[in-house]
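Asks: Pasting a structure here, questions to come.
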Amino acid sequence: MSATGTVAGREAAGTPDSMNTGGPSADTAAPVLRRHRRGRMVAAGLVAAVVALFLAGVLLGSYLVSLPDFFRLLAGAQIPGASFIVMENRLPRAVVGIMTGIAFGLAGSIFQTMLRNPLASPDIIGISYGASAGAVAAMVLFGAAGFAVSAAAMAGALLVALLIYVLSHRHAGPSNAASSRLILTGIGCAAILQALVSYLLTRADVRTAQAALVWLNGSLNSSNWDRAAVLAACLLVLLPAAAALSRSLRGLEMGDDAAAGLGVTVAPARLGLVTVAVLLAAAATAAAGPVAFVAFLSAPIARRLLRGRASLAVSALVGAVIVLAADFAAATVLPQFLTNGTALPVGVVTGALGAPFLLWLLVSANRVGRGG
Amino acid sequence: MKAAVSAQERSVPTAGSPTAGSRAPGRDLPAAKPRRLAAGTLLVMTVLLAACLASLAFGARPVGIGALLEAFTAFDPANGDHAVVHSRIPRTVTGLLAGAALGLAGAAMQGVARNPLADPGILGVNAGASLAVVTGIYAFGITQLSGYIWLAFLGAAAAAAVVYTIASLGREGATPVKLALAGAALSAGLGSLLHAVLVTSRDTLESFRFWQVGSLSGRDWDAVGQVLPFLLAGLLVTGCTGRLLNNLALGDDAARGLGQQVALSRAVSALGIVVLCGSATALAGPIAFVGLVIPHVVRAFTGPDYRRILPLSALLAPALLLGADTLGRVIALPGEVQAGIMTAAVGAPVFIWLVRSRKAAGL
């Protein structure tokens, strides 16, 4: 987020990034080539981290599973005890963790890049609150559980996103005011939804309230294959869409006028990007709850790793690493020292780590005049 | 810088009146039409009186206007209606005090920040108070309202200081978007710490969830008495800052040119605001949007002069809070909807309307 980093990001914004399949052309300048090599190294490192954390989450814990046993289980062998723990509990958990991380990372990256504001991620501007309000309403008022809660969360997120878009949309006026209007409208909606959630919590029995609270924190505890399948289906559609729109996104990052100059049709591109990002955030929230700060942190971390260049693919990988690492800490490491064996929701760890980083980011973003 | 310019435009004297430099500081504002101001003041007083009476009369057991007056003139302990009215007095007084504090704090905050969207809820002050209260319940086992008061104070003050400091870094100072984002971001961060505590402790959740919504119910004279000195001090300090705020509205450079010590007057106003927000939150829990909405309504009568905006806001805000509280008591019988929920339901649409309107969107 430093000034030089921003400049570098703008310079490189016209070149293909790792989301595109084509490599750099032969006549590209040497510094760009070096940056691309760095991009590939970062991506490879992140993939390795994802694999390592995935294996750690699946194999380690109060019941240890050896690597050969894990492969035998994957091949379909039945091992008493291990079969259930790995195949029904840890594996779906890790798979859902990876996918929510990818979805949150992408959604946050798209929002922050498009609105040109490092703080404008879906968890700050109200979309996650929409999902929360939908899910808590379903739990408290209708006693819903499992899939119904996910569906309510999805519906809530989409409704609120639509509301924010409609309320902040105006034909007249300068286009850079559109971003700040969207952000402020989102914050207003977030405030009223938060009041609604608080009210619902006072209406519920304290057990229901606590179950709702676990969900509000974001938790992978109730992951299962059904949830993984739904999320995978969503990602199958949304990931290619995000890849297809990534070119317009790089145009919009430089400002609406510059984007129009580059041949991006601004309004439809904006609408498409908002839709994809909202759907990604909604799908991830429906699967795991609003895991705090993953959407918010992924893109800035990715930018740091790439020395200022923005990349959707790297943001998505960073998101996956954050969720897997936080869940490993919350479910396996911390319970042994802190909470007498109760697994914490993953959102507790991301929230506790995210808040200080957020403050630091606010300070540095404002100092260089990019805070809004 | 843009904010300063627009503030300047708003307060430029109307055509024909003397220029800003030729008069003493604080007197260069266009006088609101006197008749409009008088009518507005009268209207505000009437609304406030009506809200007080409604707050005493309505609820799970409505009381007629005759019995209501009798309860004060000829109190009969055996009469059930009279007892009900008397039991509603502390609640009404709480609403009056908390409302006045919120209204005044909101108006002064908008002046200090030169920002039409400033409000303790939006700026993360309430989140700071919430986290402090929850820490108190969890770590020190405090369950009494009187124990929350100091914690709420501390948390509100710390959060206000952090948000304002962060947002005012950088060249343009504290623009509305930066303030709102810093507040929302701090709220989100403190919120997840809050949830972390609540998830691990059911007892804490049980006490906290009823405080969190912001409510006037169950407040007694003890709680009022504890907060009262702070509240009065805050009202006094902030109530006298009208002239300072008028000068600040011209922009820092112009205010300095008028001979004002900008940093000092900012600090004095901010201190008053924090004391007011802290006392209101201690009394009634986190209540959003009252401080945001009321000054905008009041400006319709007063124009941009803070010497008039401040007192009228302090009078109109309790009417909104009491009205919200009374309405919440009636709409969900036999239960009640807390005042904090009702003010959010009223205030959020106004917030969004402000964002959509030209003035706030051209920030």
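Each residue, glycine too, has its Cβ placed from N, Cα and C.
TrEMBL feature annotations, pasted as is:
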COMPBIAS  B:8-20  compositional bias 'Polar residues'
REGION    B:1-31  region 'Disordered'
TRANSMEM  B:37-60  transmembrane segment
TRANSMEM  B:89-109  transmembrane segment
TRANSMEM  B:121-141  transmembrane segment
TRANSMEM  B:147-167  transmembrane segment
TRANSMEM  B:179-198  transmembrane segment
TRANSMEM  B:270-297  transmembrane segment
TRANSMEM  B:337-355  transmembrane segment
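Help me understand the surroundings of these features in the structure.
Replies: Using a Cβ-Cβ cut-off under 8 Å and counting only residues 6 or more beyond its ends in the same chain, the transmembrane segment (B:89-109) has close neighbours at 52, 55-56, 115, 118-120, 123, 216-217, 219-221, 223-224, 227-228, 231, 234-235, 238-239, 241, 245, 269, 272-273, 276-277, 279-280, 283-284, 287, 290-292, 294-295, 298, 306, 309-310, 313-322, 325, 339.
If you look at the transmembrane segment (B:121-141), the same-chain residues 6 or more away from its ends with a CB under 8 A from one of its CBs are 109, 147-148, 151-160, 162-164, 179-180, 182-187, 190-191, 193-194, 197-198, 201, 203-204, 207-208, 211-212, 277-278, 281-282, 286-289, 291-292, 344, 351.
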Asks: Could you tell me what the rest of the chain brings near the transmembrane segment (B:270-297), counting residues at least six beyond its ends with Cβ under 8 Å?
Replies: 94-95, 97-99, 101-110, 112, 116-122, 125-127, 129-130, 148-150, 152-154, 156-157, 160-161, 164, 211-216, 219, 223-224, 226-227, 230-231, 233-235, 237-238, 241, 309, 313, 316-317, 320-321, 338-340, 343-344, 346-348, 350-351, 354
Asks: What residues elsewhere in the chain lie close to the transmembrane segment (B:37-60), defined as a C-beta under 8 angstroms and at least 6 residues from its ends?
Replies: 68, 84-85, 88-89, 91-92, 95-96, 298, 300-302, 308, 312, 315-316, 318-320, 322-323, 325-326, 329-330, 333-334, 336
